[in-house]
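According to Swiss-Prot, the feature compositional bias 'Basic and acidic residues' maps to 1-21, 29-38, 301-313. For 1-61, 292-317, the entry in Swiss-Prot reads region 'Disordered'. For 1-88, 134-198, 247-261, 450-454, 540-932, the entry in Swiss-Prot reads topological domain 'Lumenal', with the evidence type sequence analysis. According to Swiss-Prot, the transmembrane segment annotation covers 89-109, 113-133, 199-219, 226-246, 262-282, 356-376, 378-398, 429-449, 455-475, 519-539, on the basis of sequence analysis. What Swiss-Prot lists as topological domain 'Cytoplasmic' is 220-225, 283-355, 399-428, 476-518, and the listing cites sequence analysis.
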Amino acid sequence: MADINHDGPKADGSQMRERPSAKPLHLYNSEDAKKKVLELNQEEEDNKHEEKRKTFGRTPDGTVFIVPQTHDMVSQLLSPSQPKNLSDLAILAVLASLIFTLYICPTSARKPVFAAIFLFWRAAYNAGIGWLLEGQSKHNRLVLWAKNSHIFENPETGNNPHPTIYKLIKREMETKIPKDYKFEEAPLEYNTWLVFRRVVDLILMCDFVSYCLFAIACFNRPPESWLLFGLRWTTGIVLFIFNVFVKLDAHRVVKDFAWYCYHVLFISIVAHAAQFAFLTLVEEPHIQKIYNPPPPRRMRQNSEKFNPEDRPATAHSDATYTDTGVIYDSVRQPAPMHHIVGLQNTDFHRSIDVTVVLLCFYMFCLATVTPNTIAVRLFLFVHAFVWRLWYALGLGYILDRQSKKKNWTRHFIKHGDTKEEAWRQWKSLYHLSMTMCHASFGAAVWKMYELPSDWFLGLTLLRHVLGAGLLLLQLWTSTSIYDSLGEFGWFCGDFFFDPPSSNLTYSGIYRFLNNPERVLGLAGVWGLALITWNPPIFYLAATAHILNLAFLQFVERPHMQRLYGRKLRAESGVSKTLRQAMPSPVRNWQSAADDYVNSTVEFIEDLLEHARPKLAAGYETIVKDTTALFKTYPARISITRVPQDLAGLDPKQYKLEIEGTPSAPTVEIQKHGGREGELARTPATRTSEFKTLTFEYGAPIRVRWQAPVNHHKKDWIGLYMVTDNQSREVTRISSNGRWVATNKGVYDSTRAEDGILVSDRLVSVNSDEDEGGDCYTGEVEFRGDKLWWTTGVFEFRYHHGGKHHVMALSQAFEIRIARFDEDDVEVDANGTVHRAVEQALLPVIQNCFDRDPEIAPSTPEESFGSLVERDGKFAKRVVFAVHQMFGIEFAPEVVQADGNARNLAWRICNAKKILAPYSMSASRGRNTPTSR
């Protein structure tokens, strides 16, 4: 971003020590700006009273500025002490029109009218604002729009085509922020945010007011007892006050009903679902991107010699080891190679998965086929109760002994197995127990549930709605826990291995709650109890909850304290926020109550510790379900008709030339493998200098373009498979993000400019094919997500004016991966091809990791970057390449688990040796395995 004040101070050493004035301070880079902001904010906190303190912020380009004080939207609109501007009056007018609509609307039409109005504003909030924020998060779209439209530039420069709008926005913003703010000097990003905020204020206020008006429209007085009436109104008012608190404190919308009406309830559920989708699809990915970036690459010491003990541990390691490699420390977290949890990880080649599916099928048959008699109900109740006891007490006892004496691991080592085998067997046992615990409970619920004859009798419908909501809450909680902990934490891995880090990271749901499974983890159990409304099911739910609390208190909590000590967080994020909002007397009373409860718990712990030899007690662990995967949405360019502004443009003046990393010579040789007829076995004779272009898989490709001087600034170049387009004049398929603009600053997306190297360089053209004159040339680079990660024949297409009319085609080129031929490489000192596999694999892995120095290894023993574990696309690229090169298919988790090229090369050699007896080639092994 260009400097806002060109005459301002320059970023030298002295400037870093000076305090900036109200004008922004332009530093060289973001890191210098970050240090400067921390320094200035700390100085303000140390030397000034709270009312006189100023807050300093920074922009991505390194601009440091004073962040003016702003107020929440309710105070801005309704507080008489806050200055009002035209936008405030407009928002108040819209709110008044909503109230007036309720007044004049007929009673019979109020419900549908205000339901539609509320759903409109809710869609504007979750879909509209969500779309804007997603574009800003991924493509910086709002800031680019402001920059390209020049809407915030001073009209005196002659660049602003809308001086009236500029003056209006300037007056609005400076009226609203009278102190520490000047519109002309504020960074572009801050001014863009201020305008965006006014739009958000309008939508949020209309969303809230229209909801309240809809609730008023649905107001009624059902026939009920005064006790139920008072309880209902008290609960509703408390929830409403809490909603206002959350709205003012955190600017979020949490709405619940204060009147007994299913219309309000159902529309509240729709609103909550929309809000949840907004948080999941828009807010959470942005939070992870900004505040939880991948940690720096794990570095290891290089060594020249590698011991056999360092090889990756597998079930076949002792029998089939062929070479050496550096792997993980045996005392640390094991490599997660084949996950168990979730339907997407079900593998019927694994005995535990077959066992779980068969047992679940038996439970389904037991619940649906057997007669609904008292004896069958009693059997299913006892069956579910026994599984719950085993799941809580049995597994709890095993974990307690493992925590204190490592009994589980010692048992397997005693019989000649490894700690990795003990871990695998524990995961299978835990997974089976958890599944059967839930399946047996579900079977009991199915047998004891009776379909209501009248859904509107009493609380029947409400019970079913709340029960379904609690089920969804548990599913979401389990998914969030699994996303935060992974399978290592899901299966209590820190009971069996030292944790990867001595520091706890509170991410995902743990940012808000210390132990979400304490209450939310069993929400679905209570939901089913509400739906069935049966005493035995309530008894099972209460038993499950008590055992769960006991497990957390007496098994998990002591173990976590032994591992992390004082690093455990004493207060969750939600508790801290609510505590700060309470009055001082209430906070003091809560502290005293907490001390009393803690002392009581310690007394009970001591009592149980002395009685432990007599108690074989263990307790329940976390309840979770399948995990959900975030989807990314590639950019799309719509297919439109041929534009009308092509007159005067000659396609012959457009040209594309490509340059990439050529594939290995063996690729051309492997095309002719003796499979052809006799005449086709010799290389074809060429009558021209034309050569087939074959590039490496995943290597960046540069495209040099030429266009006339009057070419459209929104021209763009896309990458396509040759077979995907029938027409050579118009492209009729979307690029799916594989495109680069020819010029900067014409698209409201940073992704469009990613890859531009040179734009509109004026050159003279004098050749036999082109008439004399000038033209523009440029150069773009396709790499990473803008490439096709498969093999095939491709081409680049130059398109006109943001549309899909083709002006030029590049030469078609092929992406191929050379097969690794063991007969053409030299063996190492140990008589293996491990080193040759490493050398062949390393450049392929570097290409698969976008040649990014933060994640791509420079040597075979260097670890992959942390982003490889977070984003599965990198491992999938490597898996595809390995399959093409060596004919061996791995799961992506194997690449993530191995962690470097040397381990992966060892695994490839090991797999080839294991599979050699099954090869149909005589040179690779026997056709049928034989015993000696």
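Please read every residue number as a count from 1 along the shown chain.
Cβ coordinates are placed from backbone N, Cα and C, and glycine is handled just like the others.
Bear in mind that the values here come from a model prediction, so they are computed numbers and not experimental data.
Shown for the compositional bias 'Basic and acidic residues' (29-38): DSSP residue counts in helix, strand and coil, namely 9 helix, 0 strand, 1 coil.
Pairs of Cβ atoms less than 8 Å apart link the transmembrane segment (199-219) most often to 113-133, out of 113-133, 455-475, 519-539.
The recorded stretches the transmembrane segment (262-282) and the transmembrane segment (455-475) share 3+ CB pairs below 8 A when only pairs 6 or more apart in sequence are counted, and are therefore in contact.
Spatially, the transmembrane segment (455-475) is adjacent to the transmembrane segment (519-539); three or more Cβ-Cβ distances between them are under 8 Å for residues at least 6 apart in sequence. Per-residue confidence over the topological domain 'Cytoplasmic' (220-225) averages out at a pLDDT of 65. Here the transmembrane segment (378-398) has Cβ contacts under 8 Å with residues 366-367, 407-408, 426, 429-430, 433-434, 436-437, 440-441, 443-444, 447-448, 536, 540, 543-544, 547-548, 550-551, 555, 616-621 of the same chain, all six or more residues outside its ends. Within the same chain, residues 460 sit at least 6 positions outside the topological domain 'Lumenal' (450-454) and bring their C-beta atoms closer than 8 Å to a C-beta of that stretch.
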